[in-house]
Amino acid sequence: MNRRSTTRLVTFAAATGLAVASLTGCAGGGGDEGGDGEVTLTWWHNGTTGPLPEVWEEVATEFEESHPGVTVEQTGYQNEDLQRTLIPNALAAGDPPDLFQVWPGGELRDQVENGYLMPLDDVIPDTIDSVGATVNPWQVEGTTYGIPFTFGIEGFWYNTDLFEEAGIDAPPTTLDELIDAVGALRDAGITPIAVGAGDKWPAAHWWYQFALHSCSPETLQAAETEYDFSDDCWVDAGDQLEEFLGIDPFQEGFLGTPAQQGAGSSAGLVANGEAAMELMGHWNAGVIGGLTPDQQVPEFLGWFPFPGIEGSAGDPTAALGGGDGFACSAEAPPECAELLEFIMSEDVQAKFAASGAGIPTVPAATSSLEDPNLTLVAEGLAASSFVQLWFDTAFGTTVGNAMNDGIVNLFGGSGTPDEIVTKMQDAAATL
Amino acid sequence: MTATLQQAGPAIAAGPAPTPGRRRPRSSATRQRIEVVLLVGPALLLFLGFVILPVILAAVYSLYNLPPAFRWEQLAEPDRFVGLANYQRAFDSPEFVRAIGNNFIILFASLLIQGPLAIGIALLLNRPLRGRTALRLLIFVPYVLAEVIAGLAWKLLLQPQGGVNAMLESLGLGFLQQNWLADPGIALWTLFWILTWKYLGFAIILMLAGLQGVPEELAEAAAIDGASWWQIQRYITIPLLGPTIRIWAFLSMIGALQLFDMVWVTVAPTVRGMATETMATYMVQQGQFAGQPGYGSAIAVILFFISLTVALIYQRVALRRDLAGAVTRGVR
């Protein structure tokens with residue numbers, strides 16, 4: 001055999017190998033539908049702590065019982081791992097789970113643009129109607145691709161005992177009162193506010209709040225649709241945050257503190273009485289409950305909305321919030337939509353509400369809320385004139401990431417309010 | 001091909017011993033080639049598919065502006081091709097330039113601090129010493145530990161209320177307490193300490209192995225001539241340890257340039273971004289978490305070329321003697 005035939009042999013082997021690999025690649029993925037009507041649905045969600053995993057497990061079991069031949073494989077993953085790594089990779093690899101968590105705003109738009117998601121309007125229209133306007137962030141150009149099962153707003157989770165100890169009678173309703181409360185807590189030797197700045201986004205939410213209360217709703221709209229951050233209010237937000245950081249409201253070493261993992265996290269500090277409050281989303285009661293020694297939501301926990309800022313252009317009753325929704329992958333079997341319909345049924349929503357895992361989106365289920373704090377959040381949500389989606393979600397990954405980087409630099413003392421806006425504009429320019 | 005095989009088969013099984021003068025009959029050479037193809041082929045395929053192809057793809061992607069979780073077809077879309085804009089952006093980004101700087105700080109610190117430390121400890125451990133085996137074992141343990149486990153352990157120890165600060169407190173050294181991993185001013189050095197703790201054992205074992213190749217007779221002869229222990233180490237042992245030191249330095253440099261996991265595990269994202277970002281963590285942060293696969297690929301290509309350049313220069317300048325000797329003289 002001369003050299004040429006050796007080369008030919010190698011080429012042949014390589015070609016065969018590649019062909020085999022691509023064939024097996026094509027065979028994988030999609031809804032694994034067996035020949036005898038057996039269907040396996042894979043379902044990825046973010047229920048890893050608190051009561052949520054148990055709720056989803058029951059939902060899966062009940063759905064299997066009422067749908068013979070259907071197997072539901074549900075798995076909970078840590079939220080950011082799921083959002084940033086697992087789902088993007090599974091989608092890009094062409095082998096996504098059937099039912100999975102979707103985040104509204106920029107990410108949903110990207111996924112729809114790539115044809116990854118199943119349009120739901122013709123499949124389960126009644127379910128979509130049942131949640132009303134809450135579904136809007138999960139729509140792209142009028143078509144619904146996901147349905148939120150929980151939606152809530154951000155506010156302060158605080159320790160009523162520590163507030164009492166510091167002589168604070170009522171939760172602050174204005175920024176000045178909040179600043180006074182921070183001072184009173186410091187004087188009493190209590191860490192006023194815990195922030196999980198190590199994870200970036202919990203720190204960024206502070207800036208979001210200042211921006212929400214500084215910018216008019218029209219400005220916010222222009223930012224979301226046209227990436228227009230030219231209004232002065234975006235820089236004002238950073239100025240206000242810088243001033244607020246000046247009163248030293250946070251725990252020691254906050255730049256390294258994670259938000260949710262372990263007793264040393266910001267939620268853990270509140271859970272164990274080592275910090276008086278934390279600005280965090282509606283899910284926080286469950287997280288705090290999971291970090292106490294007895295795994296129960298502590299008695300002392302209370303909630304109040306972010307106070308309005310006197311004399312600012314923003315709507316004082318606007319709130320910052322978001323929700324969790326599920327979507328079916330484009331190639332999922334029809335049973336996927338049925339499972340989603342079941343998850344959104346009033347029974348399951350009521351069970352979800354009763355478990356204390358979050359605030360349901362089906363209005364009729366709200367009355368099943370037992371947790372007094374979630375009831376407060378639900379009332380706050382109802383009282384809000386409008387709810388702005390978390391900015392990092394609303395602006396999409398690229399701008400959101402640059403924005404959060406700019407904000408944590410300000411937290412760390414190495415950035416300026418102008419730089420935050422510059423970073424956002426630079427990132428938007430790369431889109 | 002099959003025919004060749006069939007002819008070759010019996011020739012070997014039944015044929016007489018090879019004719020003198022032709023050490024390798026043609027049929028045997030053919031057979032050997034087929035064996036090589038069959039044995040190397042699968043590994044080669046894997047290597048091409050999982051190493052070479054991704055490298056080429058990264059170079060291709062780096063010329064595009066791509067959305068997260070993109071599809072192949074999107075490469076053909078208008079406005080996606082941006083040429084070298086991703087590279088331009090990388091070198092204009094103060095974050096990335098700082099990340100390169102951090103890599104080189106760790107590289108030089110490793111060479112200047114870990115190297116002498118490892119040589120010193122290896123020289124000590126090479127002397128007759130009670131419990132020497134146990135000591136060697138203990139020193140090597142951190143290197144055997146999984147990176148993530150070691151990283152998490154240190155992360156817990158170095159928390160503001162963690163073990164290190166508690167120990168300082170109880171030793172009466174409370175004034176030394178720090179937010180080791182949360183203070184951007186010192187986080188890089190805390191990280192360097194963890195890396196030293198983790199990799200010093202490996203360096204020491206390498207040096208000890210190198211010391212075994214230094215003939216004792218030389219030291220004895222020098223001692224008879226009146227050389228002190230220090231003089232023996234300085235003028236005999238360490239020069240003869242040269243090849244080992246140079247190889248260790250090479251491995252250490254590559255490790256420092258590619259550093260990812262220890263940073264990712266131990267340092268919170270915020271502090272990482274401010275003080276301990278490396279090229280590799282910046283690549284994952286931008287390519288994966290900020291949803292810019294094209295930009296991330298450009299960073300990967302830059303990282304590749306920086307590593308390659310450093311490796312080639314080092315090979316030409318420092319390793320040439322070692323490698324040349326090994327090849328031309330055929331001795332170790």
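Note that Cβ sites are derived from N, Cα and C of the backbone, with glycine treated the same way.
Taken from TrEMBL, the feature region 'Disordered' applies to B:1-28. The annotation compositional bias 'Low complexity' is assigned in TrEMBL to B:1-16. Per TrEMBL, the feature transmembrane segment maps to B:36-64, B:104-125, B:137-157, B:186-209, B:247-267, B:295-314. According to TrEMBL, the feature domain 'ABC transmembrane type-1' maps to B:116-318.
Contact between the transmembrane segment (B:186-209) and the transmembrane segment (B:36-64) is not supported, since fewer than 3 Cβ pairs fall under 8 Å when only residues 6 or more apart in sequence are counted. Remote same-chain residues near the transmembrane segment (B:36-64) are listed as 75, 80-84, 86-87, 293-295, 297-298, 300-301, 304 (criterion: CB distance under 8 Å, separation of at least six residues from the stretch ends). Sequence-distant contacts of the transmembrane segment (B:104-125) (same chain, six or more residues past either end, CB-CB distance under 8 Å): 132, 135-136, 139, 188, 191-192, 195-196, 199-200, 203-204, 206-208, 210-211, 233, 237-238, 241, 245, 248-249, 252-253, 255-257, 259, 278. Using a Cβ-Cβ cut-off under 8 Å and counting only residues 6 or more beyond its ends in the same chain, the transmembrane segment (B:295-314) has close neighbours at 55, 57-62, 65, 86-87, 89-90, 96, 100, 103, 249-250, 253-254, 257-258, 279-280, 282-284, 286-288.
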